[in-house]
Amino acid sequence: MAKSRFEYVRQFEVHDALLPDTYIVVRVDGKKFHEFSKYYNFAKPNDERALKLMNAAAKNVFMQYKQEMICAYGESDEYSFILKRDTKLFNRRRDKISTLFVSLFTANYVSLWNLFFPDVVLHHKHLPYFDSRCVCYPNLTVVKDYLSWRFVDTHINNLYNTVFWYLIIKCGLTPQESEQKLCGTLSSDKQEILFSECGINYNNEPEMYKKGSLVNSKGEIVHIDVVKQIDEIFNGF
């Protein structure tokens, strides 16, 4: 940068470095995706195209910085990227890492859109956008619990949404009636309602819907029980 009398303004910049010797998780999350998915008429309760687009965008981000990564996990409109404890990426600057991941993810989402929605044109007034945050976790136990939390959240949300929407689509309930029917129900109750009233066995739903998507250390997209295979996922890290 050229020297000038105005250069003093750089003194006001803050370079917030993330804590050293900690695992960094960057979570990218869709903003106003309820409106976005409604405008583009995403299928309910799950849109396979949309989920595969998220996976493709996440994999490209992962592969771009594979040497810094352990894995990435996504469901719905969010993705978590778990960086190695000793990463020196951008000198661990919070703003650099956060903005890089969210901009790279968004760019890939938009550029890959036509591969998954070939007959749907993105409208300039209805573009996808995401936010991101960086969180430091002190040890592997906490990181494993973080990933397990996201996995369990996926199961809870997907089971509810699956039953909620099929009661509307297949049984003709209104959204209010469906919500009321599910109020106070346990997981087993929801599965029974889905089977007895909608004729759908939740166990036969696609693994991607039930378990989310993991980009493993090899860059492969898999749909596994994260809680049961948590030690295997982090083996060597």
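Cβ coordinates come from backbone N, Cα and C, glycine included.
Features reported for this protein in Swiss-Prot:
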type	residues	note
BINDING	D29, G30, K31, K32, F33, H34, S76, D77	GTP binding site
BINDING	D29, G30, D77	Mg(2+) 1 binding site
BINDING	D29, D77	Mg(2+) 2 binding site
For D29 (GTP binding site): DSSP state (helix, strand, coil): strand
D29, G30, K31, K32, F33, H34, S76, D77 excluded, remaining Cβ within 8 Å of their centroid (GTP): F36, S37, E78, F130
Neighbour-count leader, CB within 10 A, binding-site residues: D29, D77: D77
H34 (GTP binding site), number of other Cβ atoms within 10 Å: 11
S76 (GTP binding site) CB neighbourhood, other CB atoms within 10 A: 20
